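> Sharing the features that TrEMBL gives for it:
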- B:HIS36: active site, tele-phosphohistidine intermediate (ACT_SITE)
- B:GLU114: active site, proton donor/acceptor (ACT_SITE)
- B:35-42, B:ARG87, B:114-117, B:LYS125, B:141-142, B:212-213: substrate binding site (BINDING)
- B:HIS211: site 'Transition state stabilizer' (SITE)
Amino acid sequence: MMYFLPCGKFTEYFRCVYACLCKKTRMPKYKLFLLRHGEGAWNKENRFCSWVDQHLSEEGVKEAQQCGGLLKEQGYRLDAVFTSLLTRSIQTAWLVTQAMGDEWVPVLKSWRLNERHYGALIGLNRAELALNHGEEEVRLWRRSYDITPPPITESHPFFFDIYNDRRYLTCDVPLEELPRSESLKQVLDRLLPYWNNVIVPEIKKDRTVLISAHGNSCRALLKHIEGISDDDIVGVTLPTGIPILLELDSDLQPVKPHELLGNQVQIQNAIRKVEDQGKAKKTDT
Amino acid sequence: MLIQKASGGVADAFLFRVRKFKSQRMAAYRLVLIRHGESCWNQENRFCGWFDADLSEAGVQEAKRGGQALKDSGFEFDVCYTSVLQRAIRTLWLVLDGIDQMWLPVHRTWRLNERHYGGLTGLNKAETAARHGEAQVKVWRRSYDIPPPPMDAEHDLYSAISQDRRYRDLSKDQLPICESLKDTIARALPFWNEEIVPQIKEGKKVLIAAHGNSLRGIVKHLEDMTDEAIMNLNLPTGIPIVYELDKNLKPIKPMQFLGDEETVRKAMEAVAAQGKAKK
């Protein structure tokens, strides 16, 4: 029977048959929320913000408050929150926990949840880059798995803003070993020790965890948890301000695909908005 | 930066401490305390205690001003401590936002909570004074070791407070149903000694955002104050309180307030006026 199926369906069919044969039923044991922070000033200007530290815009603040309101309305309660060292992710976490009445919940911060380091592309406008290099090239830089942008150097206008910041003296690696540019693969490589050694133990204590982070740190973690392939991750776009629910079994395997919570029309609009950021802006002549 | 001494009745206590500090010692460490600003229940003049009241709009502004005072003076911190009550946590958040140090590690603990006012929690202070007399209210609020009546299971707020998830890890012995100031200090000081002091001694610059009575515990300990002296000390709200400490964590000079003279004077008078029965 299997030999007559189209090739593209073979893998999927095999997986289903294998699961049935194993009669493995995955029971949900843990809940994990991922949240990409809302709009920041540079998101509005469509620039690669990356490790430059910015607050949320007014819109971003609203997104975070709405997210908290939604989680509260749906009866979720948090036990621990993890954020990056970047203000916009911390601000998002504060607004969400405040909307839920959970300000007391411990919030732990780590550079390992920081946004992907975009190297020399930091501060550049995505749409202009697309005009100069083509939408596909920009999409590859943004969405590929192992392509690293050119590294940031001391001549970059934001180099010292980043590396002179005191927060990067508190990391678990020396300042000189912090990245100067990253692919998504490298994001996952530096994120995984924190996931395994700090976040997973909290989840396994039966704590409902929220990870308030960034587009690429959330994508990297999603890739790891859901086993998304290097090719397929290119097509994954996470909307801002929308809580992503993962229900995990006792081995931290997802029992079903991740769920974007909230109004589905708004969610699709939010995804389209992020995807449009990489498109070339055609100016009238 | 304007550093103002307290005025009015506290000036005497202040001068006493000035004389204590006459000997010149070097500052090895600096510590900043900040008492949260006005809460919605402070606004209504109610005993708040462990009830998780939010900051009022005035309290938000106080916290922002406190953050601005720290920013103007160029303060940088390494670690922050606060209670598990939102009025202190939000005060800390507003301050950290003001000084652009939101990335700092923040440790929350019930041990820095406000004093638990037991059966008085939720009661309007003026009505309580009218019912029990100003003298009894003053005793409950300002005595050192006399607790208010306990909060029993019949109390409207028992479930909201004692059964809240944030206290699920506390043992039955640890979870209070009422506290005297002595009790408050007895559960705050172990955290000060075991968690905060080691950080200070490692050279970390510490910011503590908490409540009137938990901060009084730290002040009493730092300055080796008598029970009576601490009862007469009203820490201002929303105003950063700076201590310079020697290597033994003894203050080398009296606490200093950051802010303008008018703000400091008004805040101290406002706290002293609470508890008087409205006729």
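Using N, Cα and C of the backbone, Cβ positions are placed for all residues, glycine too.
Whatever TrEMBL says is automated annotation, not expert-curated.
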> Measure the Cβ-based neighbour count of B:TRP41 (substrate binding site), defined as the other Cβ atoms within 10 Å of its Cβ.
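Counting Cβ neighbours of B:TRP41 (substrate binding site) within 10 Å gives 21.
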> Please state whether DSSP places B:ARG35 (substrate binding site) in a helix, a strand or coil.
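SS state of B:ARG35 (substrate binding site) = strand.
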> Under DSSP, is B:TRP41 (substrate binding site) helix, strand or coil?
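Once the DSSP labels are grouped into three classes, B:TRP41 (substrate binding site) ends up as helix.
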> Among B:GLU38, B:GLU114, all listed as recorded positions, which has the most CB atoms within 10 Å of its CB?
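Checking each of B:GLU38, B:GLU114, the winner is B:GLU114.
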> Tell me, in order along the sequence, which recorded positions from B:GLU38, B:TRP41, B:HIS211 have their CA within 10 Å of the residue listed as 'active site, proton donor/acceptor'.
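Those close enough are B:HIS211.
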> Give the distance between the Cα atoms of B:TYR117 (substrate binding site) and B:HIS211 (site 'Transition state stabilizer'), rounded to the nearest whole Å.
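Roughly 13 Å, rounded to the nearest whole number.
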> Under 8 Å between C-beta atoms and at least six apart in sequence, can you list the same-chain neighbours of B:HIS36 (active site, tele-phosphohistidine intermediate), or say none if there are none?
B:LEU55, B:GLY59, B:ALA63, B:ARG87, B:ALA88, B:ARG90, B:THR91, B:ALA209, B:ALA210, B:HIS211, B:THR237, B:GLY238
> Sort out the sequence-distant neighbours of B:ARG35 (substrate binding site) for me: same chain, 6+ apart, CB within less than 8 Å of its CB, listed by position.
B:ALA210, B:HIS211, B:GLY212, B:LEU215, B:LEU235, B:PRO236, B:THR237, B:GLY238, B:ILE239, B:ILE241
